[in-house]
Amino acid sequence: MFRAALWPPVLLLLQLLLLACAPGGEGAHDQDEIRFLPGLAKQPSFRQYSGYLKGSGSKRLHYWFVESQKDPKSSPVVLWLNGGPGCSSLDGLLTEHGPFLIQPDGVTLEYNPYSWNLIANVLYLESPAGVGFSYSDDKSYATNDTEVAQSNFEALKDFFCLFPEYKGNELFLTGESYAGIYIPTLAVLVMQDPSMNLQGLAVGNGLSSYEQNDNSLVYFAYYHGLLGNRLWSSLQTHCCSQNQCNFHDNKEPECVANLQEVSHIVASSGLNIYNLYAPCAGGVPSHVRHEKDTVVVQDLGNIFTRLPLKRVWHQTLLRSGEKVHLDPPCTNTTAASNYLNDPHVRKALHIPEQLPRWDLCNFLVNIQYRRLYQSMCSQYLKLLSAQKYRILLYNGDVDMACNFMGDEWFVDSLNQKMEVQRRPWLVDYGESGEQIAGFVKEFSHIAFLTIKGAGHMVPTDKPQAALTMFSRFLNRQPY
């Protein structure tokens, strides 16, 4: 009798679970298949799809899924997220490690010999809603770390409803920059869902800890010759005590003034914050510029966030009522923007006609975003406690937005058992032989790795090294 009383609710639960994936089944995604992609001299031999996944509430997140060129059925599924917050993951596809890269003419796509879909099925997701082609029916784009993690989780579940043939494949979560927050917060949700075959996560030049990022950046800037002895001496005097320096949230007025100067040198002087040794696209920028009726700003708000003038400046812009466009510093987004706003391309990608133009980053999403976490320590410790996930934090070593030293300090602070001492890792460059590609140290279930000479966008700067690293990560090989 007791069992009989429970049986109808169990049936109802099963029905609800089935209804959640009701549109699924192999072939349900056929309407999203990209049949012809403009810009290619020859259409690809692998399948690719573009459409929408259901996020939380009325959010619809745009995805572009490229199947593996190796063997889709046995290759892992890899989620990729770019950061911002408020910037599009299509930047990763079209300028970093996608199967084809946009050319300067904004029309032509060229095949990428170091594409990550050579060995994996890669899902590029534009997140959160309001970014790129993603939208929300209620047009509410103010969000936070927790909401974004949940919405990305819902979208990932919807992906496996749409592509049930991939449910059993190994799943890896990867991303870059502010995805240093997105990926571990999402992974903590995914690890609790036994229907997903989560195997690991990798974050490139990620924001793992605001404090360690700020503190390390000042050392990075000084020892790369950017600050000079006068400023360095003043920083040591006013920001440090007993061999401990606080460059993150120091309230001492002279220290704050010094850090304003450091922030200007690193982010606003004309140096390329994403690659110290690369030129600044468009030349030395002004802090704010105008394009017709639009104010163009370039600060994504991830370094020295506690400086008071930064907060005042951001709120003034938000209240101004002016039309504001967010354009990351020293980057040229014209080619990708021209391509993705071409009507033929939008039609090929199944983008609704009523959606606004695609931009790399969305100012409103960025400026209204609530940063709930100052560090990802608890998330990584939770993932590491499972003792079954392969985790990689990798950094191009000439990036200043999320510098290698801060992420190395962060990994060290997790206090995991050291398995391989810091050593060079090698890439075979054919005729020039094996070369040192960077340095790696490995702990139990987590590794930290640098890519020599790469900036914030590692696959753009060092594509062969990036693919080699990615392959070793997926295949659980020594780096």
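Positions of Cβ are set from backbone N, Cα and C atoms, glycine also.
Listed in Swiss-Prot:
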type: SIGNAL; residues: 1-27; note: signal peptide
type: DISULFID; residues: CYS87-CYS361; note: disulfide bond
type: CARBOHYD; residues: ASN144; note: N-linked glycosylation site
type: ACT_SITE; residues: SER177; note: active site
type: DISULFID; residues: CYS239-CYS255; note: disulfide bond
type: DISULFID; residues: CYS240-CYS245; note: disulfide bond
type: DISULFID; residues: CYS280-CYS330; note: disulfide bond
type: CARBOHYD; residues: ASN332; note: N-linked glycosylation site
type: ACT_SITE; residues: ASP399; note: active site
type: ACT_SITE; residues: HIS456; note: active site
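Here the disulfide-bonded residues are CYS87, CYS240, CYS245, CYS361, and the one ringed by the most other CB atoms within 10 angstroms is CYS87. In the three-state DSSP reading, CYS255 (disulfide bond) counts as helix.
A separation of roughly 16 Å, to the nearest angstrom, links the Cα atoms of CYS330 (disulfide bond) and SER177 (active site). The DSSP secondary structure for CYS239 (disulfide bond) is helix. Taking Cβ-Cβ distances under 8 Å and a sequence separation of 6 or more, the neighbours of ASN144 (N-linked glycosylation site) in its chain are TYR369, ARG370, ARG371, LEU372. Within its own chain, CYS239 (disulfide bond) has CYS245, ASN246, PHE247, ASN250, GLU252, CYS255, ASN258, LEU259 as residues 6 or more apart in sequence whose C-beta sits under 8 angstroms from its own.
Among the active-site residues listed here, namely SER177, ASP399, HIS456, HIS456 has its C-alpha nearest to that of ASN332 (N-linked glycosylation site). A separation of roughly 5 Å, to the nearest angstrom, links the Cα atoms of ASP399 (active site) and HIS456 (active site).
Within 10 Å (C-alpha to C-alpha) of SER177 (active site) lie the following recorded positions from CYS240, CYS280, CYS361, HIS456: HIS456. Separating the Cα atoms of HIS456 (active site) and CYS280 (disulfide bond) is a whole-number distance of 14 Å. Geometry remark: CYS87 (disulfide bond) versus CYS240 (disulfide bond), CA distance 35 Å. Taken residue by residue with DSSP, CYS245 (disulfide bond) is part of a strand.
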